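Remarks on the structure that follows.
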Amino acid sequence: MTLRGLYAITDSQLLAGRLLPYVEAALDGGVRLLQYRDKSDDTARRLREAEALQGLCERYGSTLVINDDAELAARLGVGVHLGQTDGPLTPARALLGSQAVIGSTCHASLELAAQAAREGASYVAFGRFFNSLTKPGAPAANLELLSQARAQIRLPIAVIGGVTLDNAAPLVAHGADLLAVIHGLFGADSSAEVTRRARAFNALFAS
Ligand SMILES: Cc1ncc(COP(=O)(O)OP(=O)(O)O)c(N)n1
Ligand SMILES: Cc1nc(C(=O)O)sc1CCOP(=O)(O)O
Ligand SMILES: [Mg+2]
């Protein structure tokens, strides 16, 4: 699949009681890459929700990625996003196969990105670029780093952290392929507004 456009990420607190309708609204708005991010250890709920999201993604022709949990990803036959403390990439690639989407958090480090590329990542993620309501303490990245990454790295680049419709355009202009967004997409008052935002994010990649 082409890794370019809006990358929607779920949040268990923000989407409590409305996970499926809001995700479906995002898919309806053109989201082609969705990450299920649930930091709880409720294994049964995580499996149930991930399976439901997998069904939705199949209906819309979109790709599902599981945050943190390569075992759950393998069970469903989908992708995984791994941070620096979530386990190594090479065994995850062996477990999930050559076609799986595997992402790697690289914070603001070109060295980590080069290593992720060597170890089989499908995309590298840099952030946080702006103040994030979801993860305020994440290490900061900036546009200069993004330009350097674009010049050096052939893999698709995801950017994350406080991305909204108001601040996303410069990220795309500096070489971002994927806008990874939680609040800026799902912090909406209605599913119709989620769909509108998803379309507007993807329109930033039109030219
Ligand atoms: C696309 C994308 N980029 C970065 C992250 C953050 O991953 P990580 O550092 O492992 O932090 P948690 O999300 O697990 O709290 C991500 N999930 N997705
Ligand atoms: C999960 C996550 N990782 C980050 C990083 O910088 O690695 S920032 C972040 C939170 C993204 O949510 P929002 O779009 O609401 O800011
Ligand atoms: Mg993680």
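Positions of Cβ are set from backbone N, Cα and C atoms, glycine also.
Annotation source TrEMBL lists 4-amino-2-methyl-5-(diphosphooxymethyl)pyrimidine binding site at Q35, Y36, R37, D38, K39, N67, T105, K135. In the shown protein chains, 17 other C-beta atoms lie within 10 A of the C-beta of R37 (4-amino-2-methyl-5-(diphosphooxymethyl)pyrimidine binding site).
Within the same chain, the residues at least 6 positions away from D86 (Mg(2+) binding site) whose Cβ sits under 8 Å from its Cβ are D68, listed in sequence order. Annotation source TrEMBL lists Mg(2+) binding site at D68, D86.
The domain 'Thiamine phosphate synthase/TenI' annotation in TrEMBL covers 6-184.
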Item to check | DSSP-derived structure type at K135 (4-amino-2-methyl-5-(diphosphooxymethyl)pyrimidine binding site), helix or strand or else coil | outcome: coil
